[in-house]
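Here's what TrEMBL has on this protein:
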- 9, 10, 17, 88, 89, 90, 98, 123, 124, 125, 126, 127, 128, 129: ATP binding site (BINDING)
- 9, 41, 73, 87: substrate binding site (BINDING)
- 5-133: domain 'Cytidyltransferase-like' (DOMAIN)
- 17: site 'Transition state stabilizer' (SITE)
Ligand code: PNS
């Protein structure tokens with residue numbers, strides 16, 4: 001069985017993430033979406049909330065599992081018997097950071113491959129931070145996040 005991990009902060013999940021998850025779920029037998037528990041960074045949503053939002057928008061994708069994780073990504077991959085880390089690349093500016101992480105992960109475990117998928121052009125400008133900023137100042141986030149979670153984001157930001 002071909003298992004891949006799609007890791008991230010997902011604070012919150014955007015249309016760009018969902019696009020990669022949807023396309024990734026067609027390539028792999030199982031896709032684990034791993035939400036990083038980052039003790040050094042306070043986010044907008046709690047980890048359990050992020051997991052719930054992702055589960056809500058991926059419930060139709062039956063080979064997608066959403067979990068949270070602490071520690072090293074390669075350890076999570078080992079735990080789930082995943083040989084692949086799936087990442088989305090938006091622009092050249094993502095490359096340096098992603099390249100560094102891919103090399104570090106391959107140094108930590110040479111059996112694990114990082115695969116990059118290009119985001120669709122429509123989502124190439126999207127990030128969780130920009131969604132939060134647009135929502136904060138009352139901009140339209142309709143085309144940026146899945147419709148089922150739009151209200152959750154607006155409610156949380158205005159709290
Ligand atoms: O959505 P993000 O914040 O860009 O995701 C970053 C993430 C979660 C992929 C990255 O921080 C990560 O893999 N963290 C786990 C810690 C780890 O394995 N570090 C070693 C590789 S640099």
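Glycine too: its Cβ is placed from the backbone N, Cα and C atoms.
Small disclaimer: the values here were computed from a predicted structure and weren't measured.
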Close-lying binding-site residues around ligand 1 among 9, 73, 87, 126, 128, where CB distance stays under 6 Å: 9, 73
DSSP-derived class (H/G/I helix, E/B strand, else coil) of residue 9 (ATP binding site): coil
Lowest local Cβ density among 73, 89, 126, which the record lists as binding-site residues, within 10 Å: 89
All-chain count of other Cβ atoms within 10 Å of residue 17 (ATP binding site): 26
Closest of 17, 89, 98, 124, 128 to residue 41 (substrate binding site), Cα positions, binding-site residues only: 128
Where residue 89 (ATP binding site) falls in three-state DSSP terms: strand
Pairwise Cα distance maximum in Å, substrate-binding residues per record: 9, 41, 73, 87: 21
Where residue 126 (ATP binding site) sits in the secondary structure, as DSSP reduces it to three classes: coil
